[in-house]
Amino acid sequence: MHGKLLPLAGLYLVQGLPYGLQSGLLPVLLRARGLSLTRVGLAKVLYLPWLFKLVWAPLVDTRGSLRAWLMLSTAALGLVCGLLAASPPAEAGPAGLQVRVVGLLLLLNLGAAVQDVALDTLAVQLLEPAELGPGNTVQVVAYKLGAVLAGGGLLALVPTLSWPGLFLLLAATYWLAAALVWAAPALQQPPSSGPSEPALHSLCLLQHLLAMPGTLWTAGFVLTYKLGEQDASSLFPLLLLDHGISTPELGLWNGVGAVLCSIVGSSLGGALLARHRQPVPLLRSVLGFRLGGLACQTTLLFHLDTPGVRLGSSTVLRGAALLSLCVQHFLGGLVTTTTFTLMMHCSRLAPSALQATHYSLLATLELLGKLFLGTLAGALADSLGPHLCFALFLALSGMPILYLSLAPSTLA
């Protein structure tokens, strides 16, 4: 099993680098420069290529080998990083970034999304049912570790690391990963010899995928399970910044400490699933804890806005705020690993020739659910105020708990 998981871990790690750049580094830098929460939230538009994974997922299923798709997409990521190294932003545009840099970051996400389709296909076909828990732990932990390195780690190095040096380092990392794809024996397995599915038009393909056992319910769950949590976790650090926490300290806690807690939560989820815990019952318990944690964070936010209350350098309130940040990331990691295992269980019920497209559909819906309200979270906070906004997040976080009672027998 280790021969499969190690190369998968290396590739998921480099796949997490663009996410770390755009979730851990950019929002804090843009907010520190005085941009409104609405405009900071709009930076999530950079994730747009991930929503179109279904466009190329059928190509990965039917054209070429997984090894070729992985190697070319990973090498292309290195090329885009090289172009970014040669394009240091001289003067920020109205949205906080130059159009040229935004275009290259979109290309970076496009390459990472193509790599993700091929890598998820490999994982679905390579891992045995008993290996799905450890496999999804590797996927989530390695991805988040890449996000830590590119997010909080780079935020701490921003004063000393130049723009060209940063992206040349990332380019070298991607090209090393492309060499790993070429050399790793576990990634050179022949394609499945099972019967292939006939080519389907887009609408027919979507109908065919949704007709697979458990797919409609799983699609509804992945669309809603992060509502509330994702929005609060992206907004709460920016509100702490407004209350006086410095950018380097926030980068350390939110970009490194909180994500490490998320990795610990993901690892715990994999360990529980490896002990033959079923995803749906485990989710019922963890989502309840997550709701309680968000309720505490919301209460803390209300208290922070009380006249005369300040986040001093040594107050208990400051420690409670940073602790709540870490606890929510820990629970979020546990929820994510369990949900991704549930998604793989569902995709394994599809014919092997459609598993990449099926999993890409679920992964696209999962991302859409996180981005839809997450992109608007800043605008909601600017218009409704943080108090009403977090009350809405709390209500949304209770929805997946009720939805789990409708789980089909094929997944429960």
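Here, residue 1 is simply the first one shown, and the rest follow in order.
Glycine residues also receive a Cβ, built from the backbone N, Cα and C atoms like all the rest.
TrEMBL labels come from automatic prediction, so no person has curated them.
TrEMBL tags one of the stretches 206-228, 252-274 as transmembrane segment, and that stretch is 252-274.
Most Cβ pairs under 8 Å with the transmembrane segment (252-274) belong to 316-344, among the candidate stretches 167-187, 316-344, 356-378. Counting same-chain residues at least six beyond the ends of the transmembrane segment (384-406), those with a Cβ under 8 angstroms from any Cβ of the stretch are 217, 220-221, 224-225, 227-229, 231-232, 235, 239, 280, 283-284, 287-288, 290-291, 294-295, 297-298, 301-302, 305, 373, 377.
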